[in-house]
Amino acid sequence: MSEILQKITDPKEIKDLDEKELEMLAKELREFLIESVSNTGGHFASNLGVIDLTVALFKNFDFSENRIIWDVGHQSYAYKILTGRKDKFNTLRQYGGLCGFPKRTESEYDFFATGHSSTSLSSAAGMARAQKILGKDNKVIAVIGDGALTGGMALEALNDIGYRKDNLIIILNDNQMSICKNVGGLATYLNKLRMGVGYNKLKSDIGSTLDTTSLGKRVKNSLSKLKDGIKKIVVPSMYFEDIGLKYFGIVDGHNIRELNEVLSIAKSIKGPVIIHTVTKKGKGYELAEKNPNKYHGVSPFDLGEGVISKFANRNYSSTFGEEMIKLAKNDDKVVAITAAMPDGTGLKDFREEFPDRFFDVGIAEQHAVTLAAGMAAEGLKPFFAVYSTFLQRAYDQVLHDVCIQNLPVTLCLDRAGLVGEDGETHQGIFDISFLSPMPNMTIVAPKCIDEMEVILKWASNFNAPLAIRYPRGGDIDVNLKPLSKIEYGKWEKVQEGEKIAIVATGKMVQHAMIAAQKIKEEKNIDILIINATFIKPIDKELLNSLSKDGFKIVTIEDNIKKGGFGEGVLEYLNEIGHEEKIVTLAFNDKFIEHGKPDILYRINGLDAEGIKNTLIELL
């Protein structure tokens, strides 16, 4: 029963709660989240891990005046609940419902939208400097995980913050795991800090003893000059203080008393402060505590049974991983790279089988691309598996380090197209538009899962920059035969027809097949369907033939229209003087909100019914 949670109508009321009531509030929040997210799905383990911290933050700060930014933002559920959104929580990540990430248009308490990693420190520094220029004295708080802290942008911000002495508080939520196990030098450093309790205990014991006498206090002041030396002896390299941040840690992120104590001190300090808290992902739900990776993001599940595997059927990511293992067994030059997503991209088994040819660089997409370029320059065959939305972070590296040098790096763009419930920050609908203008870049897409094998095999012998884009999940129940071989720049006629030709990319071929079947049933007309295996270059020979034969042409893609595949086709058809109607079906110039993919495709006219209606208008 949520006795305290139920009564809270304003987050300011939390400041009046005593320690016991705060602990009860945290318990009730945990129970509510477990019940609610098990019904709606969402980010589960990470949110259970920060509940106590969230409660302590509200105890110490008034967020109608102060500012808080949640890095990535997937761990902001308790914050949303306590800022007036509890009654809407059953709509989480549903179309028209609550977003799974902070969103400025959703609440006055969401000060900065997040979704991608490692952005909080830069935005917090910007807010802190704005406060100073505007003559305000409010605190800005950034909550960042140990995984996000491995991102280059976060490290750049830390360096600048330490130099500028911004008046902000950084809370390092160290759960020893981002989505997958953290890697790299900073992760190793944080591990040493966690284990370096000797320094913290020594400092506390000496201070307590010396404070008992006036002489002791004078001695304590003198000894403070030795502080840096002691730290360097007992705790390895106090990185944060070396760059100019006041460091507090290690703090138990589930002990509200400890959190209150350190937050009350931190808010009185002028300048940058970092509070190092250690939390446990999945706290309060045993199955999530034991397997936080499995419970990172969940679909609705039964609390008694726990999460069943997300994809009972074959999916593109797992198939990619299987085929990569086959390639590596036959070619010792094949290497795999990922940016902190070995499980999500399907490379977990590859990592186990080929540890010397697997490189998880952490949240560092820019580094990953140029690392791949260096490998390619020396004759290796690097495959960089990355979610489409995250490749946006490495645009310059793809252009400058890969394409200009025409190096054979293969970019494997998982989650291309709609991802659904994660919303605007995660939809993979821009990659065709930002990759197509790059000289030397080739872009391909399988129309079905089985086609992944032939495309990857062909890719392993392709000697130029290449992007393979494929969607989240599996196929629609459509009977499609995979290509038996790849011919560069050539498209495939999947179904013969008359009057109208659909030219579709990737999984949209499946939508086109269903739409064409509806036309056949309703109008008894066969629609020509073409699988544009190559998004770039386009098959000019086939387009010439379609134009000569008088076909009306419909292009379909799960990318934005601006700069997309359809615009490229339209440009060429205009050049050759095509006289029949041309229709481009793609996402319009807007961000696509969160919701189930089926709903989003329907709203944007890209489901089978919407495609059918477009075809009927052309007949």
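Every residue gets a Cβ built from N, Cα and C, even glycine.
Because the structure is a prediction, the values reported are computed rather than measured.
Long-range Cβ neighbours of ASN175 (thiamine diphosphate binding site) (same chain, at least 6 residues apart, Cβ-Cβ under 8 Å): SER46, GLY49, GLY145, ASP146, VAL278, THR279, LYS280, LYS281, PRO292. The thiamine diphosphate binding site annotation in Swiss-Prot covers HIS74, GLY115, HIS116, SER117, GLY147, ALA148, ASN175, TYR285, GLU365, and the record cites sequence analysis as its basis.
Residues or ranges marked as Mg(2+) binding site by Swiss-Prot on the basis of sequence analysis: ASP146, ASN175. Following the DSSP three-state reduction, the secondary structure of ASN175 (thiamine diphosphate binding site) is coil.
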GLU365 (thiamine diphosphate binding site) - helix vs strand vs coil (DSSP): helix
